[in-house]
Structures are given as C-alpha cells and as structure tokens.
Amino acid sequence: KRKIPWKGIFPPPPPFPNVGTLRRLHGLADCDRALEDIEKEKNNLLGFQAKKPWEVFTDRSLRWQLLTIILLNIAQQLNGINAIYFYADYVFRQCGIPMDKIPYATVGTGACECITALTCGMLIECLGRKVLIMGGYILMSICCVFFTLTLTFQGVSPVFPYLSMVCVFAFILSFGLGPGGVTNILTTELFTQTARPAAFMIAGSVNWLSFFFISMVFPFIVIGLQQYCFLVFLVVCSLVATYIFFLIPETKNKTFVEIQNEFQSSNKNKFSSSDGAGTILLSTSI
C-alpha cells in the first residue's frame, strides 16, 4: 500500500456524541446523564431512517406533536408581538406618547427584549417549559386587556398614554420569558431524532408564513378595529394558553423517549384510536 506521509499526524475525530462538547454544555455533573439519554434514544431508534416532512404529516403517532408545534409557531407570530415591533412608532403615537419621547420608548422595547434574553435561560430550568410558555401567554392576554382599556380612556388623563407604554413593555417581557424562549425548545423536545429535522422544517415554514400574514393583515385590523385591535391577539393568546394547559405535558427533566411515550399514552386515553396506530418507544436503560 502507498504510505500516506501525513497519516497519524492528526488525531481521529471523536466518536458521536462528542463528550467534551457535552461537558461544556451541561457541566461535569449532568454530562453523564445527557450522554445516557442520547445513547438511550439512539438505541431505541436503531433501524429507523430520518423522516421526510410529508412522512411526518402521515405518521399518526406524531399527529399531536405536529399539531402542537404548528399551533405554537402560528401563535408565536399571531400573538401581537410582531405588530408591536413592526409598528412601534405607530402604536406609541396611538397611545398618545409625545413625538419627542417616541424614540426613547422604542429603545425601551429593545431593552425589554435584552432583559428577557438574559433571564429566560435561567428561569426555564427552574420553572419548566410548560409553566413559562403558558404563563407567558396568560400575561400577554392580561396585557392586551389593559392595553385596550388604556387606549380607550387615553383622553381622560395624561397618565393613560404612559400606562399604555407600560403595557407594551409588559407585553414584550411576557413574550420573551414565555413563547419567545420556549417555542423552539419544545420543537426539539417533542420529537425524537428521526422526526426532529423534518419537524424543524415544518415549524420554520409555518413560522415564516405566519410572519408574512400578520405583517400584511395588521394595518387592516387597526383600520377596522382601531383601539380594540389587540382584542384579536387576546383571543389568540387565551386559546393557546388553554391548549397548552390541557394537552401539552411538562418536558422538564424528561428524555425525548419519555416525552414521546407520554404524548402517545395521553392521546390514547383522551382520544381512542380505531386503527391502533403509533408505537410506544422502549425506554430501558443501556
């Protein structure tokens, strides 16, 4: 054989998963548990190939996970947050904020987003995914109610325009701590390795289509409903919070296989399937 002069100079690539990367991500204490979860999921899915997006749509065992991520990604765009970001200047003018104060109010929206980006990562492991995302939508619903009231009575007192601005900031904080930080994590955790890439493709497509839809429709909503425009977002946030409360399990400290099994078992209890579709994945130790 022809000898390759550089062979042996470079170390061989580390086996999957890269233990050093897991240690940096999870720390020494949780590295072994994370590695065990990955290996357990890998062993349960031996012989399975990665699913295509259309295969995920036709897989009855994934229908509730798929419906969940589609609804959550639609709600992430239709809950009103992008309406505030796109038309922040217009919203603050409608609130009655003086023109010379609007740039500072717009900077405040960015500051709220930075605060949530720093705090969401610390809260998500303490409170759990379900509590954060459901609590976020509940708080956003409350903000929509108060925002509508302050817009309606903004001529009563000069304080009301500034209360409207506070409602906008509270709305952004609620979004960042809940839906903004948890939606993509749930897309990862509700699917096993074979369906996860296709699920992200579907979620991303739905997200961008919803983004385009609300950017086109919101000006007409404002023209038609005026100060009551955020009642539309109140309905969206309330319905999504109700769906999360009844149908989405808590995924904190659970493996991907356990989450998959919990979804399938709960669906069998709530909605009996005539064809018996869906296979419960084994969760035995290695």
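Each Cβ is built from the backbone N, Cα and C atoms, and glycine gets one as well.
Owing to the predicted nature of the structure, the values given are computational and were not obtained by experimental measurement.
According to TrEMBL, the domain 'Major facilitator superfamily (MFS) profile' annotation covers 1-252.
The feature transmembrane segment is assigned by TrEMBL to 131-153 (among others). Within the same chain, residues 72, 75, 79-80, 94-95, 120, 123-124, 160-161, 163-164, 167-168, 170-171, 174-175, 177-183, 186, 227-228, 230-231, 233-234, 237-238, 240-241, 244-245, 250 sit at least 6 positions outside the transmembrane segment (131-153) and bring their C-beta atoms closer than 8 Å to a C-beta of that stretch.
Per TrEMBL, transmembrane segment is recorded for 159-186 (among others). Within its own chain, the transmembrane segment (159-186) is flanked in space by residues 68-69, 72-73, 75-76, 79-81, 84, 91-92, 95-97, 105, 108-109, 112-113, 115-117, 119-121, 123-124, 129, 132-137, 139-140, 143-144, 146-147, 150-151, 153, 203, 248, 251, which lie at least six positions past its ends and keep a Cβ under 8 Å from the stretch.
Sequence-remote contacts of a segment are chain residues at least 6 beyond its ends whose Cβ falls under 8 Å from one of its Cβ atoms, and for the transmembrane segment (198-222) they are 50-53, 55-57, 65-66, 69-70, 73-74, 76-78, 82-83, 86-87, 90, 184, 187-188, 190-191, 229, 232. The transmembrane segment annotation in TrEMBL covers 198-222 (among others).
Sequence annotations record features per position, and here TrEMBL assigns transmembrane segment to 228-248 (among others).
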